[in-house]
Amino acid sequence: MGEAVREMDWSSWRREKEKKENATMWDMFHLGISRDGLYASDDPNVNKLLHHVTRMPIAHITQKEGGTQLKLIIEFADGGHALFKPMRFPREQETLKNHFYFTDFERHNAEIAAFHLDRLLGFRRAVPITGRNVNITRELYALAQGDLLKTFFISPDNNLCFHGKCSYYCDTAHAICGNPDMLEGSFAIFLPGKEAAPRKVWRHPWRRSYHKRRKAQWEVDDDYCELVKEVHPYNEGRRLLDIMDMAVFDFLMGNMDRHHYETFKMFGNNSAPLHLDHGRGFGKAHHDEVSILAPIYQCCLMRHSTLHTLLRLHTGPERLGAAMRRTMSADPLNPILTEAHHEALDRRLTTILQVVRECLIKAHDPHNVIINDLH
Ligand SMILES: Nc1ncnc2c1ncn2[C@@H]1O[C@H](COP(=O)(O)OP(=O)(O)OP(=O)(O)O)[C@@H](O)[C@H]1O
Ligand SMILES: [Mn+2]
């Protein structure tokens, strides 16, 4: 019953958009969202929309409520919206050695790179994101209001800075500063509003403990996957395989911060999870965090289509690191990643294939490991 009502909200909202005389690029993006992904593999609108976002004048800015680190909701002159994450540190700065994944600063370039990685892996579950240079004086300070406006100041080095209000790192010591007032940031296309397209938030079964002295159950129980396989929604349908895809994606970028994930309620339980929030990926180019692959080595599962893509990106002709370099070269903030991260992507891909190989050696039947979804 509940599902049916939500389907109706979504369809009346869709009809409303489709009726509009001139559907905007933003409308087209929203209308293209499906059960399987946020856009189609051959959708030319995605690159067009991202290019548009790099040039469109900004009309309004507000702080995004909640969240641990500062984010701005940007409204453009044509009525479209994006989620802005500012650059805090130069790309060369790695995750601080004594920081946990949950105290790591977010990186705008990781958000951009993660979108490209998700698309190259064929998932299309991450929101399209582009980099853009903003002029803090003209494009942020001139539009800021209320509490946000009060946080702008000139630093001792004569740069324009602000820190906003949030529960972590929103103070003078952790301000976001321009050079002298130019600032890099990531702009993520906004998803349809929660009213028209409500989302469900799920705890990730392999989430980390977020406590500096405690371990999660999957870290101490090698049979953890057997438990997960018993419970909804992992006991049927696509979801457990989606978790394997997420592990591939997160391991390649070194993202340990996948505590929750979201799905659109209107598509029901058998829909693709969204890949959101990758600001803590690409933090350490010289360390491979193999525990991110725990879902894969504990369950020994992978979609055939995913394995197929991984093998292609491993053997070439264009390998993963090179493909990332190529697709990100059009971004205004190119280069997005340092060379060491491109090397890490190819090295980690080899590790994933090795883990799958070990699963196949152990398995009684390879069809229990590689799940055929290529019909
Ligand atoms: N492109 C988007 N459009 C609309 N909403 C978004 C978009 N990206 C993220 N969100 C929403 O904003 C919330 C916060 O985003 P994000 O997780 O990136 O920030 P965060 O500061 O890391 O948050 P948290 O600390 O709660 O994890 C997400 O839970 C998601 O629901
Ligand atoms: Mn987060």
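Just so it is clear, glycine is given a Cβ too, placed from its N, Cα and C backbone atoms.
TrEMBL: automatically predicted annotations, no manual curation.
Keep in mind that what you see is a predicted model, and the values were worked out from it rather than measured.
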Inset, instruction - Can you match one of Glu106, Glu219, Glu230, Glu236 to the ATP site that TrEMBL gives for Gln69, Lys85, Ala188, Ile189, Phe190, Leu191, Glu262, Asp277? - result: Glu106
Inset, instruction - Measure the Cβ-based neighbour count of Leu191 (ATP binding site), defined as the other Cβ atoms within 10 Å of its Cβ. - result: 20
Legend entry - Spatial neighbours of Asp277 (ATP binding site) that are distant in sequence (at least 6 apart) but have CB under 8 A: Asp257
Inset, instruction - Give the subset of the binding-site residues Gln69, Ile189, Leu191, Asp277 lying near ligand 2, defined as CB under 6 A from any of its atoms. - result: Asp277
Legend entry - Close-lying recorded positions around ligand 1 among Leu191, Asp257, Asp277, where CB distance stays under 6 Å: Leu191, Asp277
Inset, instruction - Count the Cβ atoms, other than its own, that fall within 10 Å of the Cβ of Gln69 (ATP binding site), considering every protein chain shown. - result: 21
